[in-house]
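To start, the structure under review is shown below, and the notes come after it.
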Amino acid sequence: MKFIDEAKITVLAGKGGDGSASFRREKYIPKGGPDGGDGGRGGSVYAVADRNVNTLVEFRYTRIFKAQKGENGRGAQCYGKAGDDLTIRVPVGTVFSDVNSGEVVADLAEDGETVCLAKGGKGGLGNIHFKSSTNRAPRQHTLGEPGEEWELALELKVLADVGLLGMPNAGKSTFIRAVSAARPKVADYPFTTLAPNLGVVRVDSERSFVIADIPGLIEGAAEGAGLGHQFLRHLQRTRLLLHLVDISPRWEAGDPVHEARAIVEELRKYDQALYEKPRWLVLNKLDMVDEGEREAVVAKFVEDYGWNGPVFAISALDGSGCSALTYAVMDYLGMLAPRHEAEDPAPPAS
């Protein structure tokens, strides 16, 4: 299935039913009083977050969602039936925004969370409500109110505790395969990953966290180079970023320090809050460095990069260093307050 993380839809709530203007007419009661019932309310449009829904692809093909209108009132004080509500199911992490104003309408971050997107119109009043001492046979009644109508933009931001950041071919997909059951495509060419991948990293029988791999960034992504920064939104909900850097000795045509800085600069251009998120440095492909030179290579990179935050040297291919990294991540996440209790703390020095 193609991964779709943006869509636009129109939601139309149902119109309320009209009130009835009728009079009681029975045998031996030729001039009975008013007995017109009220119209039923229109159906509303709701959205519910469903963990079994993974993308917004359905909304690329069905763009208009309309709830049922309320039935009109009838004589004998019969009230119209309310219109059926319409519920649409979206992935957990879907954000709804008003297309015209840009205002966020709802952010469904929990499974089962529900929001009313468009409220149904009220039903009209029947003429029974307008009877008075001076008007014994009112013909007045009211029409049902129209339901709300909105044009909404949907944006999916995947929910993960940890996000992977890095250049294409930095080994992010290999890493997520090494530490979780996720099986993203891995190949020796750039942009193998074309959509976000999620993996659950279980460090023991009781503790686990979710990690997200997004397509790699390159310098100029903010201006649309490569795949652009269209997938960076999926890192906004994470609590920690792992910046993977390829330190294998294949840099005749490039400088890993420059490229690492370029990635962080793209992050800053996209979103200052994302740039300030806690970030750890992960130096990957250690298996391609001579064993006797590894410590010196790591130390030189850290010095040249000017990094004084947490740093881990790993090989995603053979798994060395991965266990220590995942345990450190789990311990760090365990020290943070749950998502619903506190915001992320200040990032470590970088």
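Keep in mind that glycine also has a Cβ here, set from the backbone N, Cα and C atoms.
Listed features, source Swiss-Prot:
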{"type": "BINDING", "residues": "166-173, 191-195, 213-216, 284-287, 315-317", "note": "GTP binding site"}
{"type": "BINDING", "residues": "SER173, THR193", "note": "Mg(2+) binding site"}
{"type": "COMPBIAS", "residues": "33-43", "note": "compositional bias 'Gly residues'"}
{"type": "DOMAIN", "residues": "1-159", "note": "domain 'Obg'"}
{"type": "DOMAIN", "residues": "160-334", "note": "domain 'OBG-type G'"}
{"type": "REGION", "residues": "17-43", "note": "region 'Disordered'"}
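Annotated features taken from Swiss-Prot, shown on the structure.
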residue: GLY166; record: GTP binding site; Cβ neighbours (10 Å): 24
residue: ASN169; record: GTP binding site; Cβ neighbours (10 Å): 19
residue: LYS172; record: GTP binding site; Cβ neighbours (10 Å): 30
residue: SER173; record: Mg(2+) binding site; Cβ neighbours (10 Å): 24
residue: LYS285; record: GTP binding site; Cβ neighbours (10 Å): 22
residue: SER315; record: GTP binding site; Cβ neighbours (10 Å): 22
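Helix, strand and coil counts from DSSP across the compositional bias 'Gly residues' (33-43) read 0 helix, 1 strand, 10 coil. Confidence for the domain 'OBG-type G' (160-334), expressed as mean pLDDT, is 79.
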